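Quick notes on the structure that follows.
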Amino acid sequence: MSQAEMSTCSMPHTQRVFQEAVRNGNTKELHSLLQNMTNCEFNVNSFGPEGQTALHQSVIDGNLELVKLLVKFGADIRLANRDGWSALHIAAYGGHQDIVLYLITKAKYSSSSR
């Protein structure tokens with residue numbers, strides 16, 4: 001691991017920066033952060049103070065681009081939030097048809113590859 005990667009990994013505010021990028025819908029910043037965190041002990045599926053993962057928040061916001069990015073970097077589409085809702089439930093309830101279709105496709109693909 002390079003010195004730059006080690007310093008990124010040891011930043012105490014990494015989780016806050018990650019969640020802030022998600023809340024702001026900043027795909028470019030989030031992509032950069034996730035790329036730099038690939039060699040770290042960083043959990044893309046961690047829950048924020050509202051009981052949501054970054055994926056849940058991106059679905060709530062209707063941000064398909066961010067949803068795709070998070071899934072690419074390992075976000076678990078089957079995780080439930082503190083209310084028991086998966087990303088698919090949230091997308092359907094919010095009327096985000098593009099995200100619903102994407103999540104169904106990903107779920108179908110991931111279950112057939114097991």
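Here the Cβ of each residue, glycine as well, is placed from N, Cα and C on the backbone.
Straight from Swiss-Prot, the features:
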- 50-79: repeat 'ANK 1' (REPEAT)
- 83-112: repeat 'ANK 2' (REPEAT)
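Mapped onto DSSP classes, the repeat 'ANK 1' (50-79) shows 16 helix, 0 strand, 14 coil. For the repeat 'ANK 2' (83-112), the model's average pLDDT works out to 92.
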